[in-house]
Each structure stands twice: as C-alpha cells, then as structure tokens.
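Heads up: the structure comes next, in structure tokens.
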C-alpha cells in the first residue's frame, strides 16, 4: 500500500502529472469572481466563504478523470485488479494520493485566497478547518465517480454530471461552517455534520468504488 | 407459482400483453376522472382562488417522481442480487418516466408559485430537493446511454442508483438544514391522519394520485416490453453478423 501511495504521489508530482493544475484553477476561479460580480469589498466579503468552497470543489473535480484513466491506459489498473492487495484498499490509497496532491494544496492555499476576497478575519481558521475536513470526502466520492466512468470513452463530462450531485451535502455543510465562522457564529453543528459525513464516505465509498470498478472492467 | 417466474422475459411479455389493456384503461379512467373532476367539479379555494386546481397535477406528479426512484432502487437491488434482466430493464424503463414526473412537479410548482408566493422559484428545501432529484435522474439516464455493454451498464447504473439513493436522502436533510422553507407541509399526513385538505378537494386528488400511479405502472410495463424486444433485436442482429 505504501508503495502504491508513493508511486501515485511521484507520478503526480513529476512532469505531466498535473500537480498544481488544480491549484492554478482554484486561483483563476477566485480571480474571476471579482470580475463577474464587481470589486466591492462588502459584497466579496459576504460571498467569500461560498466562493472559496465552490472553487475548491471544482478544482477537485478537475483532476478526477486522471485518477484512474491514466492507470487504465498503461495497464497498471489491471495489475491492481489482480494484485493480492484488496481493490478497496488500493482505491482508498489512490483517493488518499489524490487528496494529498489536490485537496491538501487547496486547503493550504485557501486562506491566502481568502485574504484576496476580503474574508472576515475569524473566517480564515474556520475555512481552513472546514476544507481540511471536507476535501477528503470530495476525493473519496470522486474516486467512486472515476471508477464508475473509467471504462467509458470521453467520460469526463459524464463524470462531472454524476459526481457533482453527490458533492451537494459536503458543499452544504462545508460552506455553512465557513460562513458561520466568518460571521462569528457558532459553527459546531455543521462542523460535526461535515466530520460525520466525511468519516462515513471515507469508510464506505472505497467499497462502492471497488465494486463498480470490478463490474466496469470485467 | 411465484412472483419470480415473471423474471422470465417470455412470461413477462405474455403477462404484460394480458394486463396492459386493463392497466391503460384504468389509468385513463382514474387520471381523466380525477383531473376533470378536480378542474371542473370542485369550487375555488377561499384564499387561493382557482390556482388551487393545479394541485391535481402537482401532487400526483411529485408523488410518482419519488416513488419512481424508489421503484428503480428496488429493481436495481433485484438485478444485483438475483440477476434478472427484466428487473434491470424495468429500472431503465422507469427512469425517463420519473424524470418527466419530476419536471411536471417542478414546472407546475413554479406556475402555482408565481401568483401565490410572488416568485417562480425559491431556494426552498422541497424545491431544491426536487431539483437535486432531477439531476440524479439525468445522471442515471446518461450513464445508461454511455456504457455500451448492456450487462455492464445495468451493473453500473444499479450501483449508481443505490449510492444515489443514499446521497439523495442525505441531500434532502442537508438542504433542510441549509435553508428554511416556504413550501407548505404535507397536506395528507398518513401517520397522523389529520389532513388539511377539505373533502371536496381530497377525493378528486386521491383519484388523480391513483391515476398517476396506474399511469406510471402502465408506462413502465410498456417501456420494459420495448426494452426487452430491443435487446432481442440487437442479439439477433449480432448473431446474424457473426453468421455472415
């Protein structure tokens, strides 16, 4: 499992792996927001938590179709299927690698982009916490989506259509934590919901992902 | 004699040919009487005026939109557990019907909401949940169309239906948490029996609900038959191509 994790990380970090693409996308989305709604600080401050969450979510989505498709192309996915390592474990590791290379940079970059969007001062910590708790769920759900569409040619758009509705609960609770935090309200209720949701999907989704991957590549 | 014998496509087609005329007739009678009675035979509501009459379309459609997904869930489970092809095809056949029911509920709701709430759309939990349900239907249908091998498509869509059901329920409660509602509560709570709809409106409404249920059943049986025949034609064509 560690070998697989290291391999995925190395592949993502080296040239052509697309590391940093998600981060750049996140930056661009955040930069486009003032262009589309206007540069008034008050308006930006009001929408900042939601925009940052949405940007992180879309950046996460962007890299999903590479998650398994590249492995299918070079044949390593078949090796994983026949390997002694349970496929559930392999997919959980791949989701972890996806989070480490996509989700974690987004989490760390979000407070800086929050400054650019005039996010209220108490909001930074809550934004960091909510993204740190929520993005693993995005990666795991995304792994399920990637496993569902891996055998389909030009499945990228379909992947978005299937995965985005599944992201709704995570987005609702995550953005609510950030919004309440920024407004100085008590954010513990949505935070607990978000944590519960993330734990549940991390525990369960690798099984669903492995099931559909076996079906899809039979 | 057991229910499972109708998992055989031949038996299913024979049965559906026998029950379909009656099913269509009943659906037409109940839907027609319910709607006509509702539109012409009931008085205007004291506060809502004649706009209340859209309830005879809105409520049955919304009811069937949810029940269609539930039926797809059951059919998907049967496919995954017992591998009956008819079951997978029935789930496939039900999806577009459910999609249209969801659309009817959303559109009639908007038409009613404009004069009553003063807005076509509000980000109310019920409205938002239905929009999410609409997206789930779209994704499910798109996945069926994207996968070429029919058995793989049935497998993948079944799992999507299961996972989607969990997330649809999750979304419903998450959405309730996120925003308080404008939509009125349920008019006919089955559990408590304290319905808020007067008898004059209630009986045609029940007729329309039964009618929509029967209509859904008839459509699904008909469409499942079509899917079975479609599957046979493609199998025949494949055999011919191999022979040639």
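Using N, Cα and C of the backbone, Cβ positions are placed for all residues, glycine too.
Looking at B:1-20, B:21-40, the stretch flagged in TrEMBL as transmembrane segment turns out to be B:21-40.
For the transmembrane segment (B:21-40), the list of distant contacts is 53, 55-57, 60, 201, 203-212, 214-215, 217-218, 221: same-chain residues at least six beyond its ends, Cβ to Cβ under 8 Å. Sequence-distant neighbours of the transmembrane segment (B:156-175) (same chain, 6+ residues past either end, Cβ-Cβ under 8 Å): 69, 72-73, 76-77, 79-80, 88, 91-92, 125, 128-129, 132-133, 136, 139-140, 143-144, 147.
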